[in-house]
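What follows is a single structure, written as structure tokens, with notes after it.
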Amino acid sequence: MIRYLWSLVCYFFRPWIKWFLRQTTQMCELQRICYGEPSGAPRALAIEDSLRHSRDATIKKLLIYLDDISDKCEITIETEQEVLQEVIKTVLLTKKINPVAHPDFAKSFGKCIELIWGYRQLCVECEELRKIPYDAENPEHEALLMKLWDSLNPDEILTSRVSKQWQHIGFQGDDPKTDFRGMGILGLSNLIYFAQEYSGTVKQVLLHSLHPRYGYPFAIVGINLTSMALRLLRDGSAKTHIYNSSKTLPTIRAFHHFYCCLFYAFDGFWMQSKPNNMMEFSSVQERFESNIRATLASPTTVFRLNVSVDNV
Amino acid sequence: MGLLSILRKLRSNPDKELRLLLLGLDNAGKTTILKSLASEDVTQVTPTQGFNIKSVQSEGFKLNVWDIGGARKIRPYWRNYFENTDVLIYVVDSADIKRLEETGQELSELLLEDKLRAVPLLVYANKQDLGQAVTAAEIAEGLGLHNIKDRDWQIQSCIATEGKGVKEGLEWACKSIKKK
């Protein structure tokens, strides 16, 4: 109730406050954010909030256009500059900003647009990959699975396609094909990226997963972490990390990187929890997720992979 | 008719809590059945490590459904969840013909457990939509259900991903509790 009243107050007074600030600072809200907030998540989140609250017809139309092209995944390296120039031009005109007097605004504002709608597009891309179920009849899928094996075990040859060896890397049985479930190709791609891009870290994590007392099924936990990463992406919690870590348009690589950071952090969390057995996974995972959410709530958060060697 | 109406029929037992235990091999569809019972999205399940629990509540009646992971490595932990079980629900992937023997083995071991003595057994013959799926009758035969004399049992064919047959099974489970 109080929340509702507050939003009502905000709704009525926002234009007045904005008008007052505009008169005193000679700048519109977007400019004040671009100059006042540090780059990355603090700035992009504030710009996003400001644009979403705008009641200007041109801005509203602009947002519909941006939502539409990002939902269709049409923002690519080729089209990006053209889209950004168009958006910046519209905003400069609508907000009556003189580009000569404010040369930095366009650059800083464009960067925010790139992050905000790149993120939205990333959600769509991940969903598309998730919706592709693993299909053992598809040679491309099979090739990906083999790539996962080879990058995780460069020194060990898989004796046959259906083999007990899959359990060494934490699949449930002799054939991983049924283990991807609702995470589909996204789950598999996440694992491959982790194994290929961070071979040192992955070795260390895999070693932990084989720990005689605190071990866990590497691949299955990985697929559950894909689900968690996707949850955080969808509900917007991952924005802070993605906005802070992306130097260019966020693509699927940004999601893979986020996943790798989560996996690395989970591994540490699990080992530190010293669980009695695998049945504690649900509760440990829950605690881990609420920790991560708390960290992501801070606008300066950016996860990194610490490639330090420790001894177990 | 939904879950609500099933529960409404059980109004005579207000505030009664039931403990339902969902077991079966990995990839049988236990979590999908659980989600389907709770009317949640069934398209995004992941292999269960540990367990999931959902309470389906209505008119003071509470069904606590425990879904325990089915991977071979965690099957030894199943026994930690036997206590006070009112209904044992065993899920079989009807299309996984190769592992029919394995699932039968696991079930017969469960039926010998002291803590599960006389607990009604509901078997879901899941994934009936898949081409290679065998019928519920064939599964019953394969599992030797007809030889069970010490408890109530029922086999229910279902397609958990579409929610088909799931509530019918639950209906039987509730009935068999009422009889007791």
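Indices start at 1 and increase along the chain as displayed.
Using the three backbone atoms N, Cα and C, a Cβ is placed for every residue, glycine included.
All annotation found in TrEMBL is predicted automatically rather than curated by experts.
What you see is a predicted model, and the numbers here were worked out from it, not measured in a lab.
What TrEMBL lists as GTP binding site is B:Gly24, B:Leu25, B:Asp26, B:Asn27, B:Ala28, B:Gly29, B:Lys30, B:Thr31, B:Gly70, B:Asn126, B:Lys127, B:Gln128, B:Asp129. If you look up TrEMBL, you'll see B:Thr31, B:Thr48 marked as Mg(2+) binding site.
Features as recorded by TrEMBL, highlighted on the structure.
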{"residue": "B:Gly24", "record": "GTP binding site", "contacts (Cβ under 8 Å, 6+ apart)": "B:Lys30, B:Gly70, B:Tyr90, B:Val91, B:Val92, B:Asp93, B:Thr103, B:Glu106"}
{"residue": "B:Asp26", "record": "GTP binding site", "contacts (Cβ under 8 Å, 6+ apart)": "B:Pro47, B:Gly69, B:Gly70, B:Ala71, B:Arg72"}
{"residue": "B:Ala28", "record": "GTP binding site", "contacts (Cβ under 8 Å, 6+ apart)": "B:Gly70, B:Val91, B:Val92, B:Asp93, B:Asp96, B:Thr103, B:Asn126"}
{"residue": "B:Thr31", "record": "Mg(2+) binding site", "contacts (Cβ under 8 Å, 6+ apart)": "B:Val45, B:Thr46, B:Thr48, B:Asn52, B:Asp67"}
{"residue": "B:Lys127", "record": "GTP binding site", "contacts (Cβ under 8 Å, 6+ apart)": "B:Gly29, B:Asp93, B:Ser94, B:Ala95, B:Ala133, B:Ile159, B:Ala160"}
{"residue": "B:Asp129", "record": "GTP binding site", "contacts (Cβ under 8 Å, 6+ apart)": "B:Ile159, B:Thr161, B:Glu162"}
Secondary structure of B:Thr31 (Mg(2+) binding site) (DSSP, helix/strand/coil): helix
List of the binding-site residues B:Gly24, B:Asp26, B:Ala28, B:Asp129 facing chain A, defined by a Cβ pair under 8 Å: B:Asp26
Conformational class of B:Gly24 (GTP binding site) under the three-state DSSP mapping: strand
Cβ atoms near B:Gly70 (GTP binding site) (within 10 Å, other residues, all chains): 25
Max pairwise CA distance, angstrom, over record-listed GTP binders B:Gly24, B:Leu25, B:Asp26, B:Asn27, B:Ala28, B:Gly29, B:Lys30, B:Thr31, B:Gly70, B:Asn126, B:Lys127, B:Gln128, B:Asp129: 22
Candidate with sparsest Cβ neighbourhood (10 Å radius) among B:Lys30, B:Thr48, the listed binding-site residues: B:Thr48
